[in-house]
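*Asks:* Let me give you the structure first, and then I'll get to my questions.
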Amino acid sequence: MWMSDAAERVNWYQRFSAWWETQSLAIKVYFGGLALLLMAIASFQASPRGLLTSCLAYASSGLLAFGFLREAYLWVTPKLQLPLVKLLMTGASVMALAAATGISKMAVNEATGQDPMHFPTTVALLLPLSVLRVVSVVAIIVSTLSTAALMIWAGAKVLLTRGALDDKDGWLLAARVLAGLSIALIISSTSGPAIVPSWMQALARKSALFLDFHDDPTCTTKADERTHRINDNVVIVGAAAGADPTYVRRSCPLQAEREPLERSSPDPSSTR
């Protein structure tokens with residue numbers, strides 16, 4: 001009896017090892033993520049707010065998200081060579097860049113209270129960060145929609161499959177659904193609900209003073225003030241006093257220069 005149980009365990013281990021070697025990296029990562037998720041659930045029963053529970057939950061979410069992104073990468077990469085997909089990607093890139101430019105201008109406007117057209121260097125500085133913000137929003141939308149599509153597809157497959165569903169297909173469907181939810185939760189928790197984060201406003205407020213403003217003693221009253229001229233009569237004055245710079249508009253008409261123009265002496269070589 002004991003020998004038969006040992007032989008059965010060895011046979012099961014050999015079958016599992018053979019199955020494991022034939023699986024892709026994404027499926028192996030899914031399997032590890034589900035194993036850690038089960039361990040996190042077991043740890044939650046003993047210590048709901050324990051450090052071990054949090055570590056297992058985060059590790060499980062990370063593995064599931066990595067497996068989902070790996071599968072998405074392998075599925076999307078060959079399709080990028082299609083002409084229609086290239087056209088769509090070009091259009092999406094233009095739209096993302098336009099949206100990122102709008103977010104940069106919004107950040108400058110909220111940070112300074114002035115028209116962002118007077119801060120071109122700061123808008124350009126914030127543009128890469130705004131692109132990341134646009135990508136995070138798109139990733140949340142895509143992961144949520146793909147998770148909903150996976151749930152619908154999984155339900156349809158369970159209902160339309162004759163007989164019992166294969167164990168591998170069952171846990172793989174569950175892993176993909178959990179992976180999509182993990183990606184949406186991770187990105188939404190790290191990006192925040194505001195379109196323009198507070199740190200981006202702080203960066204815009206401080207960088208605008210040094211990148212788009214210059215010293216002009218005729219329009220300032222303090223040493224820490226810098227100006228940016230709007231027209232012949234109005235300037236924007238930025239002051240670095242306090243924790244955050246402040247920006248106000250002041251009247252500072254241009255004055256006519258009274259210095260006479262110096263007449264340039266003729267080149268001696270030209271008279272020869």
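Including glycine, each Cβ sits where the backbone N, Cα and C put it.
What TrEMBL records for this protein is below:
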COMPBIAS  256-265  compositional bias 'Basic and acidic residues'
REGION    253-272  region 'Disordered'
TRANSMEM  25-44  transmembrane segment
TRANSMEM  51-69  transmembrane segment
TRANSMEM  81-103  transmembrane segment
TRANSMEM  124-153  transmembrane segment
TRANSMEM  173-196  transmembrane segment
*Asks:* If you count every Cβ pair below 8 Å, which range out of 51-69, 81-103, 124-153, 173-196 shares the most with the transmembrane segment (25-44)?
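*Replies:* Counting Cβ pairs under 8 Å, the winner is 51-69.
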*Asks:* Would you kindly list the residues that approach the transmembrane segment (173-196) from elsewhere in its chain, counting only those six or more residues past its ends and only Cβ-Cβ distances under 8 Å?
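*Replies:* For the transmembrane segment (173-196), the list is 30-31, 33-34, 37, 60-62, 64-65, 67-69, 71, 103, 106-107, 110, 133, 136-137, 139-140, 143-144, 146-147, 150-151, 154, 157.
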